[in-house]
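Got a structure for you, written out below as structure tokens; questions coming shortly.
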Amino acid sequence: MSDSKEPSVQQLGLLEEEQLRGLGFRQTRGYKSLAGCLGHGALVLQLLSFTLLAGLLIQVSKFPSSISQEQSKQDAIYQNLTQLKAAVGEFSEKSKLQEIYQELTQLKAAVGELPEKSKQQEIYQELTRLKAAVGELPEKSKQQEIYQELTRLKAAVGELPEKSKQQEIYQELTRLKAAVGELPEKSKQQEIYQELTRLKAAVGELPEKSKQQEIYQELTRLKAAVGELPEKSKQQEIYQELTRLKAAVGELPEKSKQQEIYQELTRLKAAVGELPEKSKQQEIYQELTQLKAAVERLCRPCPWEWTFFQGNCYFMSNSQRDWHDSVTACQEVGAQLVVIKSAEEQNFLQLQSSRSNRFAWMGLSDLNQEGTWQWVDGSPLSPSFKQYWNRGEPNNVGEEDCAEFSGNGWNDDKCNLAKFWICKKSAASCSRDEEQFLSPAPATPNPPPV
């Protein structure tokens, strides 16, 4: 069987070779038949077609994206060109630019002459307030008027003298402001004059000794108040300055805040204009000097700043010390840390302490023996005085061995704590003739020391 098939195949191969030669084809090396050649050629063509199709699809998919990006880029460039064109269109001519440059140069030079940083901050705050005020300005016509006024002011500032002169002007304005702030109001001046009249009558009637101390203290305060009045030339200067300020404020637009400032300046002007003339001030000062001299010659049972009560003098300190130093402080002025002898004295001292809202040491402790309270003069605490302890006191919490005035009663506390203190000593007796104290005091050119 195999032998019969092989000649058939050979015959078929010869037949195909003859047909190809008749058609003008040559047999290609590597291919045994036309059918094999045609079969491989179709596969190659399909592969090439698929590759070309895939490349075309990729290029087509990229084409719209590149077009949109290019379009957005062109739009951005166009917008930038439009903005640049508008900005260039807003520039003024070259001469205007030069004018702006020169103005900036002048401003830079002016800034270089500004004073220290603290002054710059004050100027900046003032400019901020001015900016807020300008924001409230009325219609355009008024703004133009203000602009013209500012132009004139700028020209005036350009004519100012050197920097030292400007500082002198600023200092003078500062002193003027301080002087105006110290002027007493009219009602205060009348009160001073009326008080002088009452004091003169009171000294002539020679009231009780405790009243004399009150009169002396009032005279001291009045003297200080009169001493703050400026001299007549200074008053005229203040009056002129206020007049100019009033005129300047009167030119401002009608705003509620500006009206309030104008009214305040009017009241200040009226108050300064009504100040007593210099001769009247001198008369008041001389009267005060005479009254003070007369009071100083009066018999005083207690030193100044001490309070008289039932034949004794009491001093409430203005500083604080511990209990032991308070005892020493009273001894240095010939007194002792207060020892209470009666219910009336206790009520008087408790009232003085509560009014001043101070915790003050008294001369009572149990340092010698715990629980046994003694005064600094060695006398024991009376059982009737135990009612003055606050509720729950004395409790000796943390070695509390010294007594103080606290609120409406007594309290024990640590002796090393700093508190106010109260001294007590006997009042002096006045044996001189009362007529001696009513003699008029000679006028003295210089006031006595306070």
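Each position is counted from 1, following the chain as shown.
Here the Cβ of each residue, glycine as well, is placed from N, Cα and C on the backbone.
For Glu393, Asn395, Val397, Glu400, Asn411, Asp412, the entry in Swiss-Prot reads Ca(2+) binding site, with the evidence type similarity to another entry. Per Swiss-Prot, the feature disulfide bond maps to Cys302-Cys313, Cys330-Cys423, Cys402-Cys415. The N-linked glycosylation site feature in Swiss-Prot is assigned to Asn80; the stated evidence is sequence analysis. Look at Swiss-Prot and you will find 96-303 tagged as region '9 X approximate tandem repeats'. Per Swiss-Prot, the feature repeat '1' maps to 96-118. Annotation comment: Swiss-Prot describes 119-141 as repeat '2'. According to Swiss-Prot, the feature repeat '3' maps to 142-164. Under the heading repeat '4', Swiss-Prot lists 165-187. If you look up Swiss-Prot, you'll see 188-210 marked as repeat '5'. Positions annotated as repeat '6' by Swiss-Prot: 211-233. Look at Swiss-Prot and you will find 234-256 tagged as repeat '7'. The repeat '8' annotation in Swiss-Prot covers 257-279. Here Swiss-Prot flags 280-303 as repeat '9'. Marked as motif 'Endocytosis signal' by Swiss-Prot: 31-34. The transmembrane segment annotation in Swiss-Prot covers 38-58 and is backed by sequence analysis.
Describe the structural context of each listed feature in the structure shown, including burial, neighbouring residues and relevant distances.
Asn411 (Ca(2+) binding site) falls within a strand segment according to DSSP. Taking the Cβ of Asn411 (Ca(2+) binding site) as reference, residues of its chain lying under 8 Å away and at least six apart in sequence are, in sequence order, Phe359, Trp389, Asn390, Glu393, Pro394, Ala403, Glu404.
For Cys313 (disulfide bond), applying a Cβ distance below 8 Å and a minimum sequence separation of six or more within one chain yields Pro301, Cys302, Pro303, Trp306, Thr307, Ala335, Lys424, Lys425, Ser426, Ala427.
Every protein chain shown contributes to the tally, and the Cβ of Cys330 (disulfide bond) ends up with 23 other Cβ atoms within 10 Å. Cys330 (disulfide bond) falls within a helical segment according to DSSP.
Cβ neighbours within 10 Å of Cys402 (disulfide bond), excluding its own Cβ and spanning all shown chains: 28. Secondary structure from DSSP puts Cys402 (disulfide bond) in a beta strand.
Under 8 Å, Cβ to Cβ, and six or more positions away along its own chain, Asn80 (N-linked glycosylation site) finds no residue.
For the repeat '1' (96-118), the model's pLDDT averages out at 63.
Counting residue by residue with DSSP, the repeat '9' (280-303) contains 17 helix, 0 strand, 7 coil.
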What does the structure give for the C-alpha distance between Glu400 (Ca(2+) binding site) and Cys415 (disulfide bond)? Integer Å is fine.
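Spelling it out, the Cα of Glu400 (Ca(2+) binding site) and the Cα of Cys415 (disulfide bond) are 7 Å apart.
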By a 10 A CB contact count over all chains shown, which of the recorded positions listed here is most packed: Cys302, Val397, Cys415, Cys423?
Cys423
For the recorded Ca(2+) site, whose residues are Glu393, Asn395, Val397, Glu400, Asn411, Asp412, find every other residue on that chain with a C-beta no more than 8 angstroms from the centre of their C-beta atoms, and list them by sequence position.
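The answer, listed by sequence position, is Gly392, Pro394, Asn396, Asp413.
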Spatially, and counting Cα to Cα, which of the recorded positions is closest to Cys415 (disulfide bond)? Options: Cys330, Asn395, Val397, Cys423.
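So, of the listed recorded positions, the one sitting closest to Cys415 (disulfide bond) is Val397.
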Looking at the binding-site residues Glu393, Asp412, which one has the fewest other Cβ atoms within 10 Å of its own Cβ?
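Counting other Cβ atoms within 10 Å of each of the binding-site residues Glu393, Asp412, the minimum falls on Glu393.
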Indicate whether Asn80 (N-linked glycosylation site) is helix, strand or coil by DSSP.
helix
When the number of other CB atoms within 10 A of each residue's CB is tallied over all shown chains, which of the binding-site residues Asn395, Glu400 has the maximum?
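That would be Glu400, with the highest Cβ count within 10 Å.
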Cα-Cα separation of Asn395 (Ca(2+) binding site) and Cys402 (disulfide bond), in Å?
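Counting only the Cα atoms, the answer is 11 Å.
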